[in-house]
Amino acid sequence: MEDSDSYNKTAENMQGSTFRKPHFATHQQHKNCSDEGGPIIEISKTCRTTPVEDGIVRINCAPLLYKLGLIRFFKNTSLWFVKDICGIVCAIFTWLLIIYAEFVVMFVMLIPSPYPAYSMSNAILFNFFAFLAVASHLRAMFSDPGAVPKGNATRENIMKMGLKEGQVVYKCPKCISIKPERAHHCSVCQRCIRKMDHHCPWVNNCVGENNQKYFVLFTMYICLISIHAIYMAVQHFIICLGKDWKECSGVSAPATTVFLILLVFEGLLFGIFTAIMCGSQMSSICSDETVSILYHMFDMNTITPVQIVFL
Ligand SMILES: [Zn+2]
Ligand SMILES: [Zn+2]
């Protein structure tokens with residue numbers, strides 16, 4: 001029902017701009033592969049009769065959650081997973097970078113530090129945001145970004161939408177789905193995604209209507225832990241310069257220096273990158289569809305207060 005409304009809205013928005021008069025015929029350029037009669041069906045590029053192969057798999061976790069007795073805690077037990085080797089490598093690389101930062105912060109800097117209060121407070125703060133970064137990354141990666149049902153652009157479904165004469169229905173030529181407004185076809189996922197922003201290899205998923213909030217939070221948490229790690233690395237270097245290195249670091253002086261330089265380099269690179277990404281995402285949210293996306297991000301009916309702030 002929601003889909004139908006969305007498609008009606010799409011068609012209404014497009015009406016008048018493309019076709020001024022009510023028109024009950026197939027698009028002339030594609031008359032050989034469109035349905036005859038009914039609302040106008042606009043198809044771009046080539047026409048297919050069967051959808052392309054999915055670039056994603058849905059993993060059903062219900063049996064496992066049921067065995068573990070956790071089924072009641074999960075509304076959605078199906079994981080969305082993109083079958084893209086490049087994306088999988090990038091996502092694993094992201095986790096390895098976080099693990100590296102975690103290792104240097106904890107085992108090179110904080111645990112051997114002679115200041116327990118400083119170590120404890122920074123360890124809690126860093127681990128808290130690192131945990132949220134990983135959690136939001138997993139949510140962004142394994143959530144359906146807003147895929148349009150595949151192959152639903154059948155004559156029966158289009159007729160069920162109750163469109164008026166001349167209304168336009170956009171049909172994706174690849175996944176044979178009815179494209180709502182602002183939906184785009186992703187060539188990696190091989191699906192049409194509602195309000196698709198881009199396909200991000202770092203989360204191995206599209207960023208769309210349903211997972212944009214997790215992506216924005218992921219970039220924000222990575223930016224925060226990058227700034228924090230750079231601050232601690234500089235602080236540690238200054239502390240160690242005036243002391244015996246064995247007292248303030250878990251490893252030798254040259255090894256500590258290399259670890260710290262690599263951590264600062266990683267922090268600068270990903271801190272700047274995620275700050276730009278987070279800023280551009282927030283800017284696009286504020287300048288376009290502000291109310292609907294922000295409402296979706298902080299929907300009081302579906303998200304608990306903890307999730308509103310952190311996830
Ligand atoms: Zn498509
Ligand atoms: Zn995609």
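The backbone N, Cα and C atoms fix where each Cβ goes, glycine too.
Curation plays no part in TrEMBL annotations; they are all automatic predictions.
Annotated features, as they stand in TrEMBL:
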DOMAIN    171-290  domain 'Palmitoyltransferase DHHC'
TRANSMEM  85-111  transmembrane segment
TRANSMEM  117-135  transmembrane segment
TRANSMEM  214-238  transmembrane segment
TRANSMEM  258-278  transmembrane segment
Under 8 Å Cβ-Cβ from the transmembrane segment (117-135), and at least six residues away from its ends along the same chain, one finds 95, 98, 101-102, 105-106, 110-111, 217-218, 221-222, 224-225, 228-229, 232, 310-311
The DSSP breakdown of the domain 'Palmitoyltransferase DHHC' (171-290) into helix, strand and coil residues is 70 helix, 14 strand, 36 coil
The mean pLDDT across the domain 'Palmitoyltransferase DHHC' (171-290) is 88
